[in-house]
Structures are given as structure tokens and as C-alpha cells.
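Below is one structure, written out as C-alpha cells, with a few remarks after it.
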Amino acid sequence: MQSSDAKCTDETAPASPTVSGGVYTWEDVQSHCTKTDQWVVINRKVYNVTQWAKRHPGGFRVLYHYAGEDATEPFSAFHPDQKFVQKYMKALQIGELAATEPSQDRNKNVRPIMKDFQDLYVKAESQGMFRTRPLFFILHLGHIILLEVLALLMVRYFGTNWIVTLLCAVMLATAQSQAGWLQHDFGHLSVFKKSYWNHVVHKFVIGHIKGASANWWNHRHFQHHAKPNVVLKDPDINMLNLFVLGDSQPVEYGIKKIKNMPYNHQHKYFFLVGPPLLIPIFFHLQIIQTMISRRYWVDLVWFMSFYIRYFYCYVPLYGVIGATALLFFVRFMESHWFVWVTQMNHIPMEIDYEKHQDWLTMQLQSTCNVEQSFFNDWFSGHLNFQIEHHLFPRMPRHNYYLVAPHVEALCKKHGIPYQTKTLWQAFSDIVTSLKSSGDLWLDAYLNK
């Protein structure tokens with residue numbers, strides 16, 4: 001299966017001639033869609049971002065995913081201070097769309113729903129839904145620190161027997177999981193008004209409290225938001241040939257007789273490969289490799305500060321081997337928590353190759369919600385409101401419940417499914433969807 005845009009498959013294709021006068025058609029823009037030649041359109045202005053992509057704070061791949069396309073909606077969603085960003089963009093602007101050209105490229109839906117969504121965005125801003133409640137995040141950080149302190153004190157005062165050690169591991173895993181949701185808030189620039197302070201605190205939380213890399217997270221996670229559930233573009237569905245997802249990929253693999261794994265059993269070995277190994281093995285190896293290869297030295301210092309702090313606290317109690325085993329067990333439990341929560345909103349939804357859909361349609365087809373409750377909100381870091389998070393990624397999560405009824409009403413008005421499930425149904429659907437995709441692979445493998 002190939003991308004639906006044949007022009008964008010050759011990454012070394014030479015740049016096509018430009019139109020004189022800085023006025024371009026969509027055909028002109030779409031011809032500049034390779035890694036070495038990237039144009040994007042934002043609010044009908046045409047930008048050559050080829051060189052800037054290497055220095056883009058959100059990572060070069062985000063821009064490449066939109067090369068040759070209109071990027072107005074993701075630009076608005078990801079950048080809180082657009083006037084500030086536009087100062088840098090002036091040097092990149094090479095022209096604008098011709099007056100006869102539509103604002104959207106290809107056959108993207110320019111429907112009344114987009115106008116209604118833009119009106120809703122303005123309404124949400126005017127009603128203060130993008131305004132942060134500092135106390136919420138202070139308390140959230142406080143309960144993470146409290147869990148870590150109590151876990152250490154408990155071991156120091158009650159010893160290192162199995163029961164105390166297990167309780168300590170559970171408390172540390174809870175703190176790590178909740179810190180994961182907190183770093184996610186800062187990474188999305190949804191806490192402070194100034195992007196600078198979000199970036200600074202993000203490095204502290206993900207680096208010192210969690211032992212990971214802010215730049216690695218940025219470059220990975222923003223791709224996911226830019227092109228959710230799009231094969232070859234969303235890293236969250238890049239399963240390294242361990243799994244096949246959706247309806248198209250399994251059939252493609254089956255027809256090509258690709259059998260890296262017995263995919264018809266993937267819903268079974270998922271329990272052995274996915275939740276237990278993602279964070280302690282795959283993510284940590286990838287984080288270390290990324291920091292060193294891309295020279296993220298600041299991130300590396302924060303990363304090391306976590307391990308220095310952890311081993312300083314626990315080696316005197318457990319020894320080097322015991323402290324290492326304890327940390328691995330904490331990561332093991334955290335990984336289960338992370339995988340089930342992050343996959344419940346996406347894996348059961350539509351997963352396919354690039355269709356060049358409009359922003360709203362793409363987000364709604366690839367996400368679903370889980371019912372609201374105090375536990376679900378806390379347990380998932382408010383990612384049970386995944387639809388609202390994807391439509392308004394900079395909105396503080398404590399306000400998702402305010403905008404959710406408006407989004408649901410918008411979907412109902414235009415006949416678009418707005419899915420909300422129970423937590424257990426969402427978990428179950430992960431396994432069900434893996435089995436369904438595996439069955440599609442087996443049928444194609446045997447019969448096509």
C-alpha cells in the first residue's frame with residue numbers, strides 16, 4: 001500500500017520551478033513535499049521551511065508530514081504565541097496562494113463544521129477555557145513529591161522486607177505515572193502563558209522526576225498529534241513489525257506474505273510484549289540513543305540527575321543490584337499503566353495510510369473518549385477526554401470537561417460519531433481490535 005499522494009514518495013526529487021511573482025497554485029505547493037524540499041501553507045501564505053525544519057523546536061518530521069499541504073490548523077493548535085512565531089516566519093515566506101485557489105489543498109473537507117469548530121475555538125478562548133488554574137498543577141506536583149517522599153521514608157523506617165518493598169514500588173510507580181501526565185501538560189505548553197517557562201519546567205519534570213528527555217518527547221509526541229493514526233507518520237502506531245493495526249496494514253502485510261510475527265495471535269502476545277516492555281526496554285533505549293546521537297546534552301544532564309538522586313536514596317537501603325531491580329519493577333508497573341491508558345483512545349479507532357483529511361475529521365476519526373469520573377480523570381491524566389485534548393492540545397486539562405459538551409453538540413449537529421466508553425470497555429477494545437487486525441492479516445496471507 002502506497003501513500004495516496006504519489007508526488008510525495010520520492011524524497012530526493014528535485015524542486016519544481018516556482019511561479020514568478022510569489023503567487024502559487026496548489027499544484028505548485030504540492031510539488032514541494034520531500035525531505036529536501038518542503039513548502040507549507042498557513043493562512044494562505046506560502047512558506048519554504050526546508051532549512052528551518054532542521055531547527056524546528058517540535059522536530060523536523062512534523063513539518064515534513066505537512067509538506068505540500070495546508071498547515072493552518074495544526075499551526076494554530078500548537079503555537080500559543082502566534083505573533084511571536086510569525087516574526088521568524090517572515091523570513092521563510094516566499095509568496096501566497098493565487099486568489100483563485102481554495103484555502104484547503106486537495107479534496108479536504110471545507111464544510112460548515114470547520115466554520116463551527118473555529119467559532120467554538122473562539123468561544124472557548126473568550127470563556128477562559130484556555131486559562132490555567134495554578135493550584136491544580138501545584139497540588140498535582142505536590143502529590144507526586146509526597147508519594148516519592150513517603151515511599152522512601154517507609155523503607156527507611158520499616159525495613160526492606162517484601163511487603164514494604166512492594167508498597168514502595170507501587171507508590172513510586174504511581175508517582176512516575178502521574179509525573180508522566182504532568183510532563184505532558186508542560187510539553188503541550190498548557191500551564192504557563194509563556195512558552196519559555198513551560199519548556200523549562202518540562203525539562204525538570206520529564207528529566208529530573210522521570211528520567212527521560214524533553215526533546216525526545218517533543219519530537220515524538222507532536223508527530224502523533226499532527227497525524228494521529230496515520231501509518232508511517234504517527235510514531236505511536238509504529239509497532240516495529242511486532243503488530244499490524246487497522247484494516248489496511250494487515251491486508252497489505254498478508255498479500256506481501258510478511259510474517260515477522262504470528263499476527264493472528266497478536267492479541268495474545270500483546271500482554272507479553274506491549275505493556276511490560278515499552279517503557280523499561282524500548283523507550284529507555286530509544287531515549288538514550290536519541291540524546292547521544294542528537295547531542296541533547298541538557299536533556300542528558302537532567303536525565304542523569306534522576307538516576308543520581310534515585311540511586312543515592314536507594315543504594316544504601318538495597319545495594320546496587322537491589323536498587324536496580326526495584327527501579328526496573330517500578331518501570332514495569334508504570335509501563336502497564338501507560339500503555340493501557342494511551343492506547344485505549346487510539347488503537348480501536350481508524351488506522352490507515354495518509355488520506356489528506358481536514359484537521360477536525362482526522363482527529364475525530366482517530367480518537368475516542370472514556371467516561372468522566374474522579375478516578376478516570378486522575379488515573380488517565382484527563383486523557384479520558386482524548387477528543388478534546390486532540391482538538392485543543394494547549395487547553396489545560398482541568399477544563400476539558402467544560403468544552404466537551406460543546407464538542408459533542410458540534411458532532412451531533414453534523415452527524416459525526418462522538419464515542420465515549422467505559423474504562424473497561426476501552427481496555428477490552430484494544431485486545432478486540434488487535435484480534436480483528438490479526439484475523440485480517442491471516443485471511444490475506446492465506447487467500448490473497
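Just so you know, the numbers here start at 1 and follow the chain as drawn.
Here the Cβ of each residue, glycine as well, is placed from N, Cα and C on the backbone.
The structure displayed is predicted, hence computed values, not measured ones.
For 1-21, the entry in TrEMBL reads region 'Disordered'.
Per TrEMBL, domain 'Cytochrome b5 heme-binding' is recorded for 21-98. Across the domain 'Cytochrome b5 heme-binding' (21-98), DSSP classifies residues as 35 helix, 20 strand, 23 coil.
Sequence annotations record features per position, and here TrEMBL assigns transmembrane segment to 135-155 (among others).
What TrEMBL records for 161-182 (among others) is transmembrane segment.
Taken from TrEMBL, the feature transmembrane segment covers 269-287 (among others). For the transmembrane segment (269-287), the residues of the chain that approach it from at least six positions outside its boundaries are 212-213, 216, 242-243, 261-262, 303, 328, 331-332, 334-336, 338-340, 343, 430-431, 434, judged by C-beta separation under 8 angstroms.
Taken from TrEMBL, the feature transmembrane segment covers 307-330 (among others).
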Check the domain 'Cytochrome b5 heme-binding' (21-98) for me and report the mean pLDDT. 88
